[in-house]
Amino acid sequence: FASVIYNKPLNRAQDSCSHRCGEMLSTCSCQVTCQSLGICCPDYKEFCVQISPYSGSLMGGKDFLIENTALNTSSVLICRFKQKIKTSGNIAKDGKAHCISPLLYETGFIPFEVSIDDGLTFPYSGTWLSVHHSKVSDEEKCTLVNETKWQYYGTPNTDGNLTLTWTPQALGAAHVNIEVWGYHETGDSYSENWLAEWKYLYTLAKQIPNTGEHTFIPAPAEGNYSTWDFGILRITPSSYSDGQSNIPSVWSNEHALAWHLGKDFRNDSNAWATGKCIEWDRKEEKLPNFMEEIADCPCTLAQARADTGRFHTDYGCDIEKGSVCTYHPGAVHCVRAIQASPQYAAGQQCCYDSTGTQILTHDSTGGSTPDRGHDWGSPPFMKPPRIPGFSHWLYDVISFYYCCLWSDNCHVYMKRRPSSDCRTYHPPRAASAFGDPHFLTFDGLNFTFNGQGEYVLVESDLTSLRVQGRTQQGRFPNGTGAQATGLSAVALQENYSDVIEVRYSEDLNLEVLLNQKVVNFSEQTWIDLKGLFLHSTPDRNITVMFSSGSGVEIRGDGVFLTLTVLLPEKFMNHTQGLFGVMNGNTDDEYTFRNKTTMSVHASPQQLFEFGANWAIKNGTSLFTYDTDFLLNNFFYGEKHNASFLPVFFPYEDPADPLVEEMVLLCDSDPFCRFDVLTTRSLQVGNSTRLSHQNHKLLVEHLEPVISCGWLDHPINGRKNGTSYLLGSTINFICNQGYELTGSKERICQVSGAWSGDTPSC
């Protein structure tokens with residue numbers, strides 16, 4: 001980052017950002033940090049473009065405005081994505097340039113460039129955020145009114161009219177066409193020639209008025225088209241030709257095309273679907289077994305909701321949204337594994353009942369089913385089985401329609417998609433830092449380190465994971481500096497991933513930076529990035545999920561940041577930094593860079609030395625220094641400010657009126673008391689108390705749980721009980737006329753084995 005070191009240039013000819021966005025030039029800068037530093041080239045905003053909206057579905061067809069670029073209306077505009085996919089742009093009457101987003105087979109930030117000389121040169125550049133089709137707001141899609149009816153059309157008792165609605169303003173045209181597109185994958189599964197394609201099939205309605213509504217009675221599709229059973233609708237201005245790619249479009253949800261299937265389906269949908277289900281089952285028989293490489297589920301709902309680095313809410317069954325679990329009757333909450341499995345890009349799902357116990361398909365149709373194709377796709381996307389959403393539909397969803405929804409063969413589906421239990425699940429370890437920084441290490445030690453500077457919180461040689469923290473001096477309520485510090489910024493990276501930084505800006509707003517640029521969450525709260533996923537909740541709880549399964553949560557609640565790092569078991573013996581050596585042993589928690597250790601009973605002054613030893617080295621900083629304040633205090637300054645001495649033992653003065661309030665608020669929480677005394681703020685104390693409480697709860701929820709695994713009922717008998725965790729009891733009863741040999745009751749033991757013997761009738 002030494003690029004910020006030159007002085008502001010004299011008034012000589014300035015360089016231009018044309019073709020040079022992201023570079024530091026000899027007289028000025030075209031990097032994102034140039035604006036806050038005041039060193040941009042004069043035409044920075046014109047060539048390094050900002051767009052609005054900045055995101056849209058990977059299906060494409062969305063018009064976006066290029067801000068700050070006024071052009072001659074006679075220019076011929078071409079937009080080029082990833083240096084190869086070209087779409088036409090246009091210049092509105094006000095001289096503003098617009099591009100159309102293309103159909104992409106991937107999600108994430110996609111670089112694009114713009115040409116105004118019919119494609120000779122592309123001097124303007126920016127990025128477009130391509131998102132999973134389900135992450136797009138309803139206004140941007142056309143709506144299949146009563147979607148269930150569309151997807152069951154032609155099955156018994158489902159016929160009549162279908163209605164499609166859309167926002168007419170989304171397409172600036174008097175007349176529109178409605179097209180049917182189908183998705184298929186060609187070539188051999190899991191081979192080089194396996195390819196994905198969205199294909200235009202036919203036009204359902206031509207030249208209809210753009211009123212925002214269309215009602216029709218679907219006719220069975222002609223000829224070959226009726227073999228396409230998974231697809232999507234597209235509405236486009238009638239001025240374009242049928243099936244033309246990358247033009248202004250409004251897409252529907254992807255769905256099962258029951259409504260257009262042929263007469264054979266309508267005559268006997270059960271027989272048609274049964275045939276398809278059996279065919280799917282035969283195909284699955286020949287495919288590799290992806291179940292062997294997906295991770296086991298957490299044993300309890302508490303574990304599943306706490307392991308945020310590896311599992312995320314499945315929006316189809318969410319306890320925070322009232323547990324509407326259509327596909328999982330009996331469940332209150334499901335989660336999905338965030339990362340796809342390494343070789344087959346498969347997905348895991350885990351569902352839980354109201355007691356917090358996992359529901360298995362062996363016991364109930366409400367059980368969780370794993371996925372041959374991970375719903376979110378997985379990098380590098382582009383090819384099956386890694387296409388976001390659509391690969392999953394083809395292997396796991398349309399087959400569910402064949403076997404479970406359009407016919408009565410759900411046992412066939414469940415045989416191929418049985419739930420995983422939790423016998424091999426190991427919860428991650430958690431470490432936290434909060435308040436006037438108090439550190440709770442992975443192995444459960446806690447200490448306070450009040451240095452001012454930039455420090456290594458944790459780093460690991462296993463995945464080159466680095467989490468760095470910056471502390472700044474706290475302020476008393478009257479604005480003067482306190483003799484205490486707190487976390488003001490956290491920066492992180494793993495291997496060659498994007499760099500994320502979460503910080504308080506100078507006006508105390510929480511900012512998230514991606515590779516030094518501020519991230520805007522107004523359109524998307526979940527973003528797929530290089531080597532990680534980034535998620536922001538409405539109350540600005542930021543979660544970073546790295547591809548190794550490690551997770552980092554950062555909360556800004558008032559004055560200081562609260563940080564939690566979750567590391568899977570494979571990081572055992574692979575960490576160092578202020579969060580210590582994660583190995584289940586607290587004796588070596590205070591390990592210096594040179595591997596010497598200090599006693600766990602060290603004094604606060606000695607701990608201050610330990611902390612100072614983990615100050616980051618200049619060349620290894622992940623932080624962005626984009627203001628004079630940051631440059632002077634942290635970039636040029638010492639990484640650990642040795643002249644700043646904090647209060648080590650705050651004094652409780654019985655005559656101090658604050659002490660009485662502090663006791664009421666903090667009770668016996670030592671961190672809360674410490675922070676009220678050092679910052680003289682009950683608000684800081686309270687936020688410390690809550691962070692400490694949350695950490696204790698998290699550690700409790702992540703306690704390992706022993707599972708003995710699923711038990712079947714005997715042939716000609718039944719069993720009582722569907723919990724397979726430590727202490728659970730399963731009873732067995734034989735049907736009338738049979739007698740039981742073996743154990744009639746088995747208990748899950750500490751060893752992870754069931755007591756007794758397998759019963760038979």
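Glycine too: its Cβ is placed from the backbone N, Cα and C atoms.
Feature list (source: TrEMBL):
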- 13-52: domain 'SMB' (DOMAIN)
- 269-417: domain 'AMOP' (DOMAIN)
- 429-622: domain 'VWFD' (DOMAIN)
- 706-761: domain 'Sushi' (DOMAIN)
- C734-C761: disulfide bond (DISULFID)
- Message: Averaging the per-residue pLDDT over the domain 'SMB' (13-52), what integer do you get?
- Response: 93
- By Cβ distance under 8 Å, which residues at least 6 away from the ends of the domain 'SMB' (13-52) in the same chain are close to it? 3-4, 64-69, 99, 114, 121-126, 128, 515-517, 624-628
- the domain 'VWFD' (429-622) vs the domain 'AMOP' (269-417): 3 or more CB pairs under 8 Å: yes
